[in-house]
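Chemist: Let me begin by handing over the structure; questions about it come next.
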Amino acid sequence: MDQTSLILAIESSCDETSVAVIKNGDIILSNIIATQINSHQRFGGVVPEVASRHHIEQITICIEQALKQAEVRKEDLDAVAVTYGPGLVGALLVGVSAAKAFAFANELPLIPVNHMIGHIYAARFVKPIVFPALALLVSGGHTELVYMPTENEFKIIGETRDDAAGEAYDKVGRVMGLKYPAGKAIDELAHQGEDIFKFPRAMEHEDNFDFSFSGLKSAFINTVHHADQINEELSKKDLAASFQQSVIDVITAKTVRACEQLEIKQLILAGGVAANRGLRDTLDKELGEKFNHLDFVKAPLDLCGDNGAMIGAAGEMLMRHQVFADMTLNADPSLEFDWEPEAIK
């Protein structure tokens, strides 16, 4: 008889309070998400103190709703998984504190999950991850290529040297007068415009897998400011298309080069910006033309943003590898990706 595992998973690293119940690492029984976007829009970005207060208000409600929707009792659970970094320290502390209290009260093991590993493991809800694999993580705080030779081994082979792609989207969106978060709006505008501004593609042809988006951001801002000074009206659609094409060209070039140089069986696209239609379509086309053997797995659109389900998927894998934490677990806002799971025990 197959053994069943049930994990309560908690995510609170930024501006989403999310709790999920995950069965066997790849079946979602519930995935409650309390978003704070409306509270942060007027500030043009996430305010850490506001985020923390919202998490405090929502965390116990989300836990109760997740269990109720999953029709799972506390005594049915096998473990509690929680994001402990990277992220906003105050926000992380709410989730970590709640997870520790729940685990202690119900005598359950506690699984510490790196938020970025969670994003990668959202792919489990599409199909099993096959190793060796490469993950392209594109989000508000990270743009990374992560090589995974085997399960629970993570090696960053390329990362942004300045702004993350998602961060650049939000800053450019602010200049365009778009609401935060601006990624979806820019993507929609881009599909209606043309790449007429030919913004720079930083590091596109350099012999490495690193990214840089600060120069693109500056070029975009300078173009808009110059137009304002001479009372020239620029097309938002063309601005969005030009900006997005620059981002996509660089990300695609680096990813394709990595796939050519590494012997991998699967490429995973994950993170908030992984929901971008332009990026998904371009990678589909480029990879389809260049590789016959490569399995390209895109995280489900509704699981690209922060959510508890992905933490549960990663948590189940870590549980099988006996990665647990005790009640001294603390939030680590600057948690690095090149980590040694054994050191957490």
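Backbone N, Cα and C atoms are what each Cβ position is placed from, and that goes for glycine too.
What you are looking at is a predicted structure, and each value in this text was computed from that prediction instead of being measured.
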Chemist: Among N38, N222, N231, N276, which residue does Swiss-Prot annotate as binding substrate together with L137, V138, S139, G140, G141, D170, G183, D187?
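Modeler: Answer per Swiss-Prot: N276.
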Chemist: Among D302, D306, which residue does Swiss-Prot name as a further Fe cation binder in the site formed by H115, H119?
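Modeler: Swiss-Prot lists H115, H119 binding Fe cation, and from D302, D306 it also lists D306.
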Chemist: Counting only residues 6+ apart in the same chain, whose Cβ is under 8 Å from the Cβ of H115 (Fe cation binding site)?
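Modeler: The list for H115 (Fe cation binding site) reads E11, S13, T83, G85, P86, G87, D306, I311, L335, given in order along the sequence.
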Chemist: For L137 (substrate binding site), just give me the three-state DSSP call.
Modeler: strand
Chemist: Fill in the CA-CA distance, H119 (Fe cation binding site) to G183 (substrate binding site), as an integer in Å.
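Modeler: Here the two Cα atoms are 18 Å apart.
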Chemist: Would you list the other residues of this chain near Fe cation - those whose C-beta lies within 8 angstroms of the C-beta centroid of H115, H119, D306 - in sequence order?
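Modeler: In sequence order, the nearby non-listed residues are E11, S13, T83, M116, G118, S139, G271, N307, M310, I311.
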Chemist: State which of the following binding-site residues has the fewest other Cβ atoms within 10 Å around its Cβ: H119, L137, G141, G183, N276.
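Modeler: Checked H119, L137, G141, G183, N276; of these binding-site residues, fewest Cβ neighbours within 10 Å: G141.
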